[in-house]
C-alpha cells in the first residue's frame, strides 16, 4: 500500500452534559485507537470502522447499542449502516432490538444478502439465521435512559428539548490501499414513535463512502439530515473541489438555513485529509493520522498526543 491510513470517529453531536464529558472523550479515543490498530496492521477501512463503532456501541456513554435511548413504549430500537467505498456496497438495519452490536448485523446484511436494508422483524430473523446471540432488551437499557424516558412521559414535558444531546456514533477511514469506508449506529430519538427510522440507516443520509471522493458519517437531527441527504451532500461539495472542512461546513450551513437542522459530520477524502465539524454546541470526536491522535468536544478544542503515548495510557486504564 502507498496510502497513510487515517480514521476519524464521532460519538454524537448535541449537548454533552458536564458529568459525561470525560466519559465521552475517553470513549471516542478508545474507539479511534481500536480502529487505527487494525489500519496500522494493514487491515481494511471496513474492518476499522466496524471495530470503532462496535467499541462505542458497547460503551453506555453513547446512544447506540448499550445505552441507547428508549422509544415511546420504553424499548430500545436501533439503526445502523456500513458502506464500502470500493464498490458502493452497503448494509443497514433499522428498528432492531435485543442485539448488542447492530453494526455487525449491518455488515452481515451487506456481505450475506443481496439487499441493503433489513428492518425490525426481518432483521431479527436474519440475525437468528446468522447465529447472532440475542440478549434480553433490558440489558441494553441504562438507568439514565430509563430516567429520561420517564421524564419525557410527564404531561408537561417536551421530549424535543431532551433531543439536544442527540447521539449517534460513527467512523470513517481510509486504509493503506486507499479504500474508504463509513459506519454509523444509533438508538435514535428519545420517546420516538415505534417503528421510527431516522437518517442513520438511510444510505446518503447517515453515511456514504466512495473511493473516488471520500467517506462521511453524520449525527444530529435525523429528520433534517434526511431532508438534505447530508452525507452525500458533503461528498458532492468535495467533488466540486472543496476541502473536507469546507465541504462539511457548507453542507451543515445549508441544513441549518434551509431546514433549521443542527448536526455534525466527520469526513475523510480520497487523499487522506480529514475533518470533524458540527453546528451543535458540541460533538465528541477523535482522529488518528501520521501516528498523532487528535480529539475534542467543543468548537475549537483540539488535544493532540502521539498514538504510542495514548495507547500506553489506554492499556493502564483497562
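Cβ from N, Cα, C; glycine included.
So that you can see what the record holds, here are the features copied from TrEMBL:
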ACT_SITE  168  active site, nucleophile
BINDING   196, 197, 198, 199, 219, 220, 221, 222  substrate binding site
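Neighbours of residue 168 (active site, nucleophile) among the binding-site residues 196, 197, 219, defined as a Cα within 10 Å of its Cα, are 219. Counting neighbouring Cβ atoms within 10 Å of each of the binding-site residues (198, 220, 222), the lowest count belongs to 198.
Residues 196, 197, 198, 199, 219, 220, 221, 222 are the ones the record ties to substrate, and the longest Cα gap between any two of them is 16 Å. Neighbour counts of Cβ atoms within 10 Å were compared across the recorded positions 168, 196, 197, 199; the minimum falls on 196.
Around the Cβ of residue 221 (substrate binding site), a 10 Å sphere holds 25 further Cβ atoms from the protein chains shown.
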